[in-house]
Amino acid sequence: MKKITVIQGDITKVSAEAIVNAANSSLLGGGGVDGAIHRAGGPVILAECQLIRNRQGGCKVGDAVITGAGNLPADYVIHTVGPRWSDGRHDEDALLKRAYQSCFKLVDYHGIKTVSFPNISTGIYGFPKERAATIALDVIKHCIAENRTLENVNLVCFDAENYDLYLKLLN
């Protein structure tokens, strides 16, 4: 039975085959969940991100790349770049949807069974939380139904507001 689990806590401590990183386009680490994943995972993640940068020049908004997970309780880190919120008239919704879809393409390609997502773009990028949660759940429900190997999607919420929002939207 495929399931969606909502967790409040630190994504770097949640065991899953893949952890999604809300990265920036440089792939060099940053603040929020991105910084936490790089710190907890260790230098191997940054080294792999630098190889990707050298090959393709970073990661565009809406795209995703995959690396090993270093010291994290996972096999992979999927780095995706969500959009910065400006006013909702610059394709932010479509770009956030594409960021989640890009992650699921990598999940499918690598036969991943369990993946943990943070709340992409809702921190410093300022995406309205309920709007982001609705987009995330629409994509997740569609992809979990289509994917042959995926069994569990963890939504790991750093704050109580996102946690409560996801619980409300799922019920």
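Cβ coordinates are placed from backbone N, Cα and C, and glycine is handled just like the others.
Per Swiss-Prot, the feature active site, proton acceptor maps to Asp34. Under the heading substrate binding site, Swiss-Prot lists Asp10, Ile11, Asn24, Gly32, Val33, Asp34, Ser121, Thr122, Gly123, Ile124, Tyr125, citing sequence analysis as support. Residues annotated as domain 'Macro' in Swiss-Prot, with sequence analysis given as evidence: 1-171.
Overlay of Swiss-Prot feature records on the structure.
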residue	record	DSSP (3 states)
Asp10	substrate binding site	coil
Asn24	substrate binding site	coil
Val33	substrate binding site	helix
Ser121	substrate binding site	coil
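Comparing the recorded positions Asp10, Asp34 by how many other C-beta atoms lie within 10 angstroms of each C-beta, the top residue is Asp34. Within 10 Å (C-alpha to C-alpha) of Asp34 (active site, proton acceptor) lie the following binding-site residues from Asn24, Ser121, Gly123, Tyr125: Asn24. There are 27 other CB atoms within 10 A of the CB of Ser121 (substrate binding site), with all protein chains counted. For the substrate site listed in the record, the two most distant Cα atoms among Asp10, Ile11, Asn24, Gly32, Val33, Asp34, Ser121, Thr122, Gly123, Ile124, Tyr125 lie 19 Å apart. Neighbour count (other Cβ atoms within 10 Å of the Cβ, all protein chains): 19 for Gly123 (substrate binding site). Confidence for the domain 'Macro' (1-171), expressed as mean pLDDT, is 96.
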